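Worksheet for the structure shown next.
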């Protein structure tokens, strides 16, 4: 029975969502705090999208 408790605790830890991985960035303040820029429509060349800036079509872009 103790093995089941251990198994359930490991499953709980591994299946828990990680902060920052699934949530992403959703507002301009968080985007700027992460050293990124808000850009309309698409990210400029050599930038990677890491979230949105809250407005439809506005991307949060950061250099890799």
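Glycine is treated like the rest: Cβ placed from N, Cα and C.
Its own atom aside, the Cβ of residue 31 (disulfide bond) has 24 Cβ atoms within 10 angstroms in the protein chains shown. The annotation disulfide bond is assigned in Swiss-Prot to 31-60 (among others) on the grounds of similarity to another entry.
Every protein chain considered, the tally of other Cβ atoms within 10 Å of the Cβ of residue 38 (disulfide bond) stands at 18. For the recorded site, residue 38 (disulfide bond), the DSSP three-state label reads strand. Per Swiss-Prot, disulfide bond is recorded for 38-53 (among others), and the stated evidence type is similarity to another entry.
Annotation comment: Swiss-Prot describes 43-61 (among others) as disulfide bond, evidence class similarity to another entry. In three-state terms derived from DSSP, residue 43 (disulfide bond) belongs to neither a helical nor a strand segment and is classed as coil. Of all Cβ atoms in the shown protein chains, 17 besides its own fall within 10 Å of the Cβ of residue 43 (disulfide bond).
What Swiss-Prot records for 33-48 is region 'Phosphatidylinositol 4,5-bisphosphate (PIP2) binding'.
Annotation comment: Swiss-Prot describes 1-23 as signal peptide, evidence class sequence analysis.
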- prompt: Counting every protein chain present, what is the number of Cβ atoms, excluding its own, within 10 Å of the Cβ of residue 60 (disulfide bond)?
  reply: 26
Statement: Whole-number mean pLDDT, the region 'Phosphatidylinositol 4,5-bisphosphate (PIP2) binding' (33-48), equals 92
Query: residue 53 (disulfide bond) to residue 60 (disulfide bond): how many Å between their Cα atoms?
result: 6
